[in-house]
Structure formats: structure tokens, C-alpha cells
Amino acid sequence: MRLHRNLCYAVIDGLLLIFNEGQYADKVIQSLLKRDKRWGSRDRSFVAETTYDIVRWKRLYAEIADVKEPFDRDNLWRMFAVWATLKGIKLPDWKYFQNTPTRKIKGRFDELSKIRKYRESIPDWMDQLGLQELGEELWTKEIAKQNEQADVILRVNTLKTTKEKLQNLLFDDGIETEFIKGYDSALKLKERANVFVTKAFKDGLFEVQDASSQLVADFLDVKPGMKVVDTCAGAGGKTLHMASLMDNKGQIIAMDIYESKLKKLKVRARRNGVHNFDMRVIDSTKPIKKLYKKADRVLIDAPCSGLGVLRRNPDAKWKLEPEFIDKIRGTQEDVLQQYSSMVKPGGKLVYATCSILPSENQNQVAKFLKSETGQDFKFIKDQKIFAHESGYDGFYMALMERTK
Ligand SMILES: C[S@@+](CC[C@H](N)C(=O)[O-])C[C@H]1O[C@@H](n2cnc3c(N)ncnc32)[C@H](O)[C@@H]1O
């Protein structure tokens, strides 16, 4: 591979914004990709993937390059040189790469690879937390997998098409996909591609949604005609999936504390041809009280640390803080207590997170079931999904039923 100067500059500019200005990697990359209309798909994927790679391996590369935060441009060029050297890319004779100690870089890499927190490039606190919650063996395997690039998975919108038809349409656009056993509506891209520019996407024939996340709507066992509350709906990935499983029949009430997120759901729903839903912003306890014991199904897709989805959000390794995880555990407890009240007797409740930590998952469910509110519920089953076992995002889901 030959390095092109303007593409490398774009990566360095992006890293400055992500590391020093605290901007989100996906947003920064999106805007970097608009920089030069002449860039082809290879150039764009170089910028996106190199930036993500250096974000993912920040701690390891900074340690090897012997640079400290806040990084200046020279520091970032040194980290870039580490990235290129470890990838086996020949460094051009630009001033930034003069005197790059190639052999020393490889030696430092071998040395640091013996220590998990450097090898997996994670903060000390995260390594301790993972170890404490999952134990050495599980944590070591999972965090290694969380550093791999995630596949692109589509969820076919069965309101508008079938898996086979969509596969053929995408094939005509040069995008090859395959079915995934055990995931009814999923298509996996054989190679990364920008699927958002396809006519099939604009026509609402699919959404991008990880395979693990696609299991949640099925787990809740929604049926056409039911009254379903999606309490933490956000931009509605799971609302849309449930609507298609319900064949647009019945009612889904999508709630969130942020109106801006629900507005995105509205746009997606229009594209998907979903119309069996209403939206409610949770700005008081009123919308919850109004639905007391009214819902056949309630989904709590709870806010969480996101430690199961580091593959697609590598900058979360640097943005997350242990205090935030403590706070979010409190929110998880609250939402379980409050939102479970909407399930009617005989109705079902799913609590889900994209975390792999027991303290956000099964321990929360156990605490809920022991509480006074939880006395009205019985535990049916749960599923703990680890990326290193499934190949998809780390996830948790628990199914409960209201008995009285
Ligand atoms: C895991 S995300 C939801 C993802 C979404 N269900 C999907 O499938 O695309 C969690 C959501 O919970 C929302 N949230 C945070 N605190 C909340 C609360 N107390 N009540 C309701 N929603 C909350 C966040 O705004 C966020 O959209």
C-alpha cells in the first residue's frame, strides 16, 4: 500500500478533533469524508479505517511512540508511523517519518503485547472492571474480540421485501451479502460498502442493525395487534423491527427522554413504511402512569455502558468513565422499577442492554425481581451474548412475565 499525503493529513486532522476536542469519531469521520469530492471508495475507506484503527489502539500506539496526551501534530504523526510500521506499510520519505525507529517499534510492540491493558489498548480502570466482573478467561477473550472490526449487518424490512429479493437487489448494486443461520431477518455484507447510498436503503428495504440487536424483538415475542411499549426507543432500531414483526398491526408506543432521538425515528419509520406507532417524550411520570398495566409487551432497551459494542464505537474506550457506569446502573434500576408498571397481568417484559457486565445485566434483573415491584413478575429466561462466542455484538436480554 502507498500512502497518499492528503489522505494522511485528513487522518491526522480527524485524530486531533477526536483526541483533543473530545469529538465523536463517527461524526468526525463523516465530515472528513466530505473533504474532497474526488476521493474514491478506496480513499474514503482508508481515511475511515485508519482513523478508527488509531483511535482503537490509542493507548498501545502512544506507549510505543512514547508520546503523552494532549497530543500535538508531531505526536500524532509518530503514532501514525507506529500504525503503518505494524501494518507492514513502507513509510515514504516525508519529514514526519524521518528517523522512525522501525525495529524499536516492533520490539516495543512485542514487549507490551504481554500485558493485557496495553495489548488490548484499554484504560486501567476498564481492565480492572472487566476482570472483576467476568474473570480472567472470559474478559481476556471478550476484550480481544471487542477490538476487531465489526461486520456490517442489515435487517431486512419484511414489511416491504424478503431476504432473497433484497439480496438480489444489492447484488445488482455490486454488494454481496450472505444469510446468517439463526438470525431470520439478517443479511451480512461479504465486504464493507456504503449501503446508505443504495436505492434499496432509500426505499426502506433494510436498516443497518447488528445481529445481536436483531434478537431482542423476537425475544419479546411481539404479535400483530398487540399493545407494545418501547420505553427507551431512541432512534427506534427495535421499534421498527417490532413493527415489521407485528405486520404494522396493533400499536407501538415509542418513548424516550430525548425528543431529538424520537424525531429520527419518525424519519426512519416513514422510509420503512411503519405506521403502527405513536411517540411520547418522557418529561414527567404522566406518560408512564397513563399506561399503568395496559401493555401486552414492554421493552426496556436500557441506557448502558456500551461495553458490548466497542467494536463499532472504539472511542468509547476513551470517553467512558467509571463514574458514568455507576450512574447508569442507577438509571437502569429506576427504569426497571418505573417502566415495568406498564405491563398488564399476563404481559411480558424484556430488559436488554448492549453491555457485557453482569452488574448492568443479570444482577439488575435479580435485584428487580427481589424488590417489591418485582414480586409481581416471574423470570422466564435470559440470554448473555458475548462477541467472542457469537461473532456479533455483546448483548444481554432477560424475559419476565407479569403474574398479577
Ligand atoms: C440503548 S439506547 C436505545 C436504542 C434503541 N432502542 C434502538 O434500538 O435503536 C437507550 C436509550 O435510552 C434513552 N434513555 C436514557 N435514559 C432514559 C430514561 N430514564 N427513560 C427513557 N429512556 C431513556 C436514551 O436516550 C437512549 O435513546
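Note: Cβ is positioned from N, Cα and C throughout, glycine not excepted.
Whatever TrEMBL says is automated annotation, not expert-curated.
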Listed in TrEMBL for the S-adenosyl-L-methionine site shared with Asp256, Asp283, one of Asp247, Asp296, Asp301: Asp301
Nearest-integer angstrom distance between the alpha carbons (Cα) of Cys354 (active site, nucleophile) and Asp256 (S-adenosyl-L-methionine binding site): 17
Contacting binding-site residues for ligand 1, chosen from Asp256, Asp283, Asp301 when the Cβ sits under 6 angstroms of any of its atoms: Asp256, Asp301
Coarse DSSP state, helix versus strand versus coil, of Asp256 (S-adenosyl-L-methionine binding site): strand
Sequence-distant neighbours of Asp301 (S-adenosyl-L-methionine binding site) in its chain (C-beta under 8 A, six or more apart): Val216, Asp230, Thr231, Cys232, Ala233, Gly234, Lys238, Ala352, Thr353
Fewest Cβ neighbours within 10 Å, where candidates are the binding-site residues Asp256, Asp283: Asp283
Largest separation between Cα atoms (Å) of residues that the record links to S-adenosyl-L-methionine, namely Asp256, Asp283, Asp301: 18
